[in-house]
Structure formats: C-alpha cells, structure tokens
Amino acid sequence: MQVSGTIVVILMAANVEAKIYERCDLAKKLEAAGLNGFKGYTIGDWLCMAHYESGFDTSFVNHNPDGSSEYGIFQLNSAWWCYNGVTPSENLCHMDCHELLNRHILDDIMCAKKVVSSESGMSAWDSWNQHCYGYDLSEWLRGCHMNAKPNKKIIS
C-alpha cells in the first residue's frame, strides 16, 4: 500500500513541470520565440501542428512501432532529434528527450526550428500534412489579440 502511494507522489511530482497550453498562450510564446514567418511558416502552422501532435500537452509521449518515441508539444522523434537512452539516435538537437516534457518549451522550439530548417520543412510532421497544409489557418489565431498574421495561402 505504501509503495503505491509513493508511486502516485512521484508521478504527481513529474507532472508538476508539465503543462497543457491554452491556444492563445501558446501562440504568444511561439511569436515571442520568433516562429511567425520562420522558414515561411506562420503561428497558425505551428498551432495547428502542435494541436494535432500533442493537444498542446508538453508531457505527451507517443511510442512508435519501430521502437522510437516522440516527445513533448511538437512530438520530436528519438531516432532523429533527441536521445532517450533506448533508441539509437542521431540526436540532431543535442538533448535528452525528457527535457522536452516540461512546461519550459524554448528548448522544444529551438529543436523544432532545426526540424523545419531541414529539407522536409513542416512536412516532417504527418499531422501538419494531413490537417494544416493548404488550409485556412486563421481560425488558430482567432481571439488571441496578437500581431501575428494567419496564413491563408497554400505553401508550395
């Protein structure tokens, strides 16, 4: 009985650092980090992708059939972008995957910028291809009261 209580306390402590962002709060963080217009993508692109990848949840982890895992708000893959101690990794962002699971998303943003700077751009995220590419993304900024302009054009 005491062991299960200890496990609950440990899990609660781990989640204290996690955060599920509100859409407009995340939009403002992304804009402040310079993502609006970065490599031709708007805050709408980033919000749409993050919504479909993680539901804006910084603690989200997805385990893939190939043995790799995806971490954090942008679901950065352990085979390429971070090191999780399990999956052989290129670790192109030079970071531990677990650093992507807290409320402090500047490191996530810096790594996501590397992903977008690669040849694939935002096409690296299947969710962006399926749900965001070619769509009117203005709804993602509706009501956020910020300077970022939504992208209404199709990126080619």
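Glycine too: its Cβ is placed from the backbone N, Cα and C atoms.
Looking at the candidates Cys24, Cys48, Swiss-Prot gives Cys48 as the cysteine bonded to Cys132 by a disulfide. The disulfide bond recorded by Swiss-Prot for Cys111 reaches one of Cys82, Cys93; that cysteine is Cys93.
Here Cys144 is paired by Swiss-Prot through a disulfide bond, and of Cys24, Cys82 its partner is Cys24. Close to Cys93 (disulfide bond) in the fold, though at least 6 residues off in sequence, lie Leu76, Trp81, Cys82, Asp107, Met110, Cys111, Lys114, each with a CB less than 8 Å from its CB. Just so you know, of the disulfide-bonded residues Cys82, Cys97, the Cβ with the fewest other Cβ atoms around it within 10 Å is the one at Cys97. Confidence over the domain 'C-type lysozyme' (19-147), given as mean pLDDT on the 0 to 100 scale, stands at 97.
With DSSP classes pooled into helix, strand and coil, the tally for the domain 'C-type lysozyme' (19-147) is 56 helix, 12 strand, 61 coil.
Take the CB of Cys111 (disulfide bond) and look out to 10 A: across all protein chains shown you find 24 other CB atoms.
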